Amino acid sequence: MTSNLFTISGMENRNLTNSKQEEENSDVCILHQFGYTQELYRGFSSFMSFTFCFTAVNVFAAISIGFSYTLDTGGSGVAIWSWILGSFFTILISLSLAEICSVYPTAGSVYHWSGKLVSSKYAPLASFICGWFNFFGNAAADAAFSSGFATVLNDAFILNGKSSLGIGGQVGVGIGVTFIWAVQNALRIDQQGWINNAAAVLQIISAISIAIVLIVMAPQRATAKDVFTSVYNGTGFPFAYVCCIGILSTIFSFSGYEAGAHMAEETRSARRAAPKGIVATCVCSAIVGVIYLLALLFVIPNVSTFMEAHNGDNKTISLTVAIYQSVLPHQGALALTILLILNLYFAGMSSITVTSRIGFAMARDDVFPFSYYLRWIFERTQTPLANVVFVFIIDSLLQLLQLVSTTAFLALIATTTLGFQISYFMPIFFRCTTARNTFPSSKFNLGRFSIPIGIISSIWLFITSILMCFPTEYSVTKDNMNYTIVIISGIALIALIYWIVAARHRVIGPKRADMDPVSLPPEHVIDEDTMTITAPNSPDSMVTRL
């Protein structure tokens, strides 16, 4: 009997091993079909794909460092309803991106998809534009996390009775932590995955525990009516206008959720795991974000009084840390601030990873100057180490801009989300237009809802991208002007010049199996009346009628 049990156990282990091997072989074959070889280490599990994406977005940290804008543009009422509305549309966008990711699970993500969803004639330009803005958005996000880390660390010094760091000291801290993140990105991806697992748990525990502590310990609390209906207008613009730009606080906090797609070439069963990680990240981030945001808003009895006491000339620490300080004694406020610093640290580490992967994918297709060197893989860990160094240099240069002009740096960081928005819009728009009738189905498929969700997502991305260019203070001066349109135009101009002078002569976009638009046999085209759970023609294919 015992012998039989051991035999059965051994057979189960062998079957499990064979199953994993088949999955890995399938992933490699899919990559070969796209014209690429397996160069990166495929060490992410499905759960690691989710925790990585969740950590890279890190709404807990993002809400904390952007809370000043949140309160200034509408106060409690606008903030909470903007979060609910913004979360809903973000989840719709994540569904559209996840569906495309399931068909094209590659490191380039949106860059690769944009080139695949148009004809071969326009693929080089479409992928170049999308990749350019996504790479810029990710690089600026790295600098935002570094700057946020330095700012909150400085807040901790002030809480502890130390002198505030000067701008030079904060820049030094930002570049120093960016260097540490770059070093950690030399780790093999499964090793980094375990760190991300811990970071995701830390983020959830931090947000929920801080929310509970703030609500329980607050000497005074706002009423539910105040939180959901009261408004504060620090912009000088009419209320309707404030509601429009107030929605941006949610979008700023919810950027980078395509992170899991960039890691698809390092994820096992990528066609299933990466899309699920994207959608799960947005759903979980929406829940964690609303819990934390409600806690912050409930412990501010009067937003106007709080803003007068802690904003403008009276601002010595960030508003989030000021809330901690107003509710808790010194040691308690410091403890919560340290939790925030830890979350910023892990978010920045993951952000560097994402930027290096989009950079690697573009270098692999010869988009950058010196692409041959930038695509170099460190064989010991199978990580794109040359691109990690490249990203570190760019992020450091962005942070050094603070020494020249803090206004220019903040304006540059403010355009981060617009870079993401443009890169999300392009593949979803192409999916609904040029590839509407030829888009192949895969293991994550929205069926008949695919086009409607894609159209709604495209409209939302388009409208909110325009809103990002609107001024946020009245009267508009050179000091408070929204320079987003200026910076984005400058980035686009640089890209245009580079394209005309060099890129158009050598960049052909993502590799294609053929030069036809997307020539696939009829059985691979989506039936809009069904939702496909697994790939068609596979032994385990299953179609659910909606």
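Each residue, glycine too, has its Cβ placed from N, Cα and C.
Counting same-chain residues at least six beyond the ends of the transmembrane segment (47-68), those with a Cβ under 8 angstroms from any Cβ of the stretch are 144-145, 148, 151-152, 190, 192-194, 196-197, 199-200, 203, 206-207, 249, 252-257, 259-260, 263, 267, 273-274, 276-278, 280-281, 284-285, 288-289, 292-293, 296, 311, 318-320, 340, 343-344, 346-347, 350-351, 353-354. Under the heading transmembrane segment, TrEMBL lists 47-68 (among others).
Marked as transmembrane segment by TrEMBL: 80-104 (among others).
Taken from TrEMBL, the feature transmembrane segment applies to 125-145 (among others).
Positions annotated as transmembrane segment by TrEMBL: 165-183 (among others).
Under the heading transmembrane segment, TrEMBL lists 195-218 (among others).
The annotation transmembrane segment is assigned in TrEMBL to 238-257 (among others). Packing against the transmembrane segment (238-257) from elsewhere in the chain are residues 53, 56-57, 59, 62-63, 66, 69-70, 73-74, 78-79, 82-83, 85-87, 90, 94, 97, 137-138, 141, 231, 278, 281-282, 285, 289, 351, 354, 416-417, 420-421, 464, 467-468, 470, 472: each is 6 or more residues past its ends and has a CB under 8 Å from a CB in it.
Summarising the annotation, TrEMBL assigns transmembrane segment to 278-300 (among others).
Note on the transmembrane segment (333-354): residues 52, 55-58, 60-62, 64-65, 138, 141-142, 145-146, 148-149, 152-153, 155-156, 159-160, 177-178, 181-182, 184-185, 192, 195-196, 199, 202-203, 206, 209-210, 213, 256, 259, 262-263, 320-321, 324-325, 327, 388, 391-392, 395 of its chain, located 6 or more positions outside it, place their CB under 8 angstroms from a CB of the stretch. Here TrEMBL flags 333-354 (among others) as transmembrane segment.
The feature transmembrane segment is assigned by TrEMBL to 385-402 (among others).
What TrEMBL records for 408-430 (among others) is transmembrane segment.
Annotated transmembrane segment per TrEMBL: 451-471 (among others), in sequence order. Same-chain neighbours of the transmembrane segment (451-471): 89, 92-93, 95-96, 237, 241, 244-245, 247-248, 251, 414-415, 417-418, 421-422, 424-425, 428-429, 431-432, 436, 480-482, 484-485, 488, 528, counting only residues six or more beyond its ends whose CB sits under 8 Å from a CB of the stretch.
Under the heading transmembrane segment, TrEMBL lists 483-502 (among others).
Tallying C-beta pairs under 8 angstroms between the transmembrane segment (385-402) and each of 80-104, 165-183, 278-300, 408-430 places 165-183 first.
Same-chain residues lying 6 or more positions outside the transmembrane segment (165-183) and placing a CB less than 8 Å from one of its CB atoms are 142-143, 146-147, 149-151, 153-154, 157, 345, 348-349, 351-352, 388-389, 391-392, 395-396, 399-400, 402-403, 406. Between the transmembrane segment (408-430) and the transmembrane segment (195-218), the number of CB pairs under 8 angstroms, six or more residues apart, is fewer than three, so the stretches are not in contact. Recorded stretches compared: 125-145, 195-218, 278-300; the one with the most Cβ pairs under 8 Å to the transmembrane segment (80-104) is 278-300.
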